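Colleague: The feature compositional bias 'Basic and acidic residues' is assigned by TrEMBL to 509-522. TrEMBL lists 14-465 with the feature domain 'Major facilitator superfamily (MFS) profile'. The region 'Disordered' annotation in TrEMBL covers 475-522. Annotated transmembrane segment per TrEMBL: 12-34, 104-124, 133-151, 157-179, 287-305, 317-338, 350-371, 377-399, 411-429, 441-461, in sequence order.
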Amino acid sequence: MGCIKGSWRLDIGLMVLYQMTLFFSVQMLFVIFLEFMPKTYCTDDDYCYKMKNKCLTDFDRTPDSAICPYNSSNFNECVQDAKRVDFRSAQFDYQQDCTGLKHFSSSTATFIGTLLGNLVLGYLSDTIGRRPVYIFSICLGVPAVILSAAINGVMNFYIFRFIVGFAVAGTLTVGWTYASEMITPSRRFRLRTFPNWANARMMQVGVSWLAGEWRLASYLCATLSATVLPMIWYLPESPKKFERAERSREKIAEICQLEYEPKPREEMADLKKITPMMLLRSPVLRSNFLVLCWMWFYVGMSVYITDLNSGDMAKNFYVGQFLCGFVLTISKITIGIIEPKIPWLGRRFIFIASQLIALCAYVTILTALWSKNKESWWYTVSYIFAYAAQSLCLETCYLSLAELMPTDVRSIAGALMNILMKIGTILASTTKPIKFWYEPMLFMINTVLCTAGLLVVWKYLPESKNMNMQLVGQDEISESNDEESSTKKTSSEVPSDDSNSQMTSVQESSEKSEAITEKSEK
């Protein structure tokens, strides 16, 4: 990056850092690969059968049930095709779902770890800082990914996958917060658009395709994820106090190759202090809070019901997984580009439109399952659109949380929303046995959940596009509460919003200097 000068030098590095952080965080979806099983399999004497569930030994050996009759003319070709395993998974090796762990899968262990990590690491990031938690999460998670594959045994596998989930909670909690606080404000939109979850998913599909089996794929994923560590080690802390802000700005100036100019202490405007109890007493804020709680829970559950059962959505396992990520990233980039230019394209519209598309896709999936057309191309297309549209709803959840919750309680509300979403994902992981009992039931659950969610959002979710995040809730708090609880925020304990402005002043001055340079060159 030696040829890149000014604030772009830092911002591009932050985008790369955030994308690789998401690549590690997408270990939450690696459970799809860890639990993948082929549709057909053959015994050592070439008796081939269609899998009833995830157990290799669960079949009835009768001549009529053989998918490759011994007297057929293409017997050898049929056996070769039936024996093909697109990805050798942990489930294929351990067969843990065929034991007493049938209702406690590796995905459940991972999501429980993530839930616990949200409770612990979210609090620590606000207490001791983003950077220490960031470094701890990577240093804990990368070895856990390696050890989950290197040490044999189902219990060891489950323990290390739980630790991976715990570490992922740290990167998910801190990654976006840290990068958004450090990047130049005018480029924060690019940080949300170009480095994204869908890109990380496609990267993971590519790594898994190259590896072909779960142990090697785990080692490769861990190696690539470890590249986050030197990047975050080099960057400064995202500060809250003035002294830390000064040190961070000095470090940012060094990275951007600019001259450091100390900034004097400034006093913040006198805003009302909003506590969690005030939020619950205010009818407007309470309504927004409850709607967001429901959105995060049901969207998290429906997304993961769709995603965790997507292993056989296409004839080729890798193509189906790649297309899910590809369609989602194209959708996010397209919406990200046109959204600022279209005033009426707000959070409500995007959520409602995405949810309607997902509901239509669920109905089409149910039609395909009931009519025995699961192998059809339109089933695959419907599944991809269901996943992409439901994931866009999740993106709106993040934006609505930031724009509808007051600054003083935003981190607390965000932690609670993440906990509710993780509860939804844990419930989603327990529905996987339904796939082999009565698969349409999965999408009937999603249809009911999403219909109820759509009605609630339609009636109660306010539009929050272009809202001033510092002033959220100020008009809803009564004057009596203001007199009792408002405090003047001084520079001895600068709030995070002020810290952001202090840290990014170097980037903004860099932009101005770049503009002056361009004019002089012209």
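Including glycine, each Cβ sits where the backbone N, Cα and C put it.
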Colleague: Using a threshold of three or more Cβ pairs below 8 Å, and leaving out pairs closer than 6 in sequence, do the transmembrane segment (104-124) and the transmembrane segment (441-461) count as in contact?
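Modeller: No, the transmembrane segment (441-461) and the transmembrane segment (104-124) are not in contact.
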Colleague: So if I exclude everything within five residues of the ends of the transmembrane segment (317-338), which remaining residues of that chain have a CB under 8 angstroms from its CBs? That is, six or more out.
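Modeller: Same-chain contacts beyond the flanks: 32, 36, 86-87, 189, 192-194, 196-199, 201-202, 205-206, 208-209, 307, 310-311, 345, 350, 380, 383-385, 387-388, 391-392, 395.
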Colleague: For the transmembrane segment (377-399), which partner among 104-124, 133-151, 350-371 gives the most CB pairs under 8 Å?
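Modeller: Result: 350-371.
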Colleague: Which sequence positions outside the transmembrane segment (12-34), separated from its termini by at least 6 residues, show Cβ-Cβ distances below 8 Å to it?
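Modeller: Tertiary neighbours of the transmembrane segment (12-34) are 1, 4, 87, 89-91, 105-107, 110-111, 114, 138, 141-142, 145, 161, 164-165, 168, 171-172, 175-176, 179, 182-183, 190-191, 194-197, 199-201, 203-204, 208, 214, 217-218, 221, 224-225, 227-228, 231-232, 235, 255, 307-308, 310-311, 321, 425, 429.
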Colleague: Using a Cβ cut-off of under 8 Å, list the residues of the same chain at least 6 residues beyond the transmembrane segment (411-429) that approach it.
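Modeller: Distant Cβ neighbours of the transmembrane segment (411-429) are 28, 31, 105, 107-108, 111-112, 114-115, 118-119, 122-123, 126, 172-173, 276, 279, 289, 292-293, 296-305, 308, 397, 401, 405.
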Colleague: For the domain 'Major facilitator superfamily (MFS) profile' (14-465), what's the mean pLDDT in this predicted model?
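Modeller: Residues in the domain 'Major facilitator superfamily (MFS) profile' (14-465) carry a mean pLDDT of 83 in this prediction.
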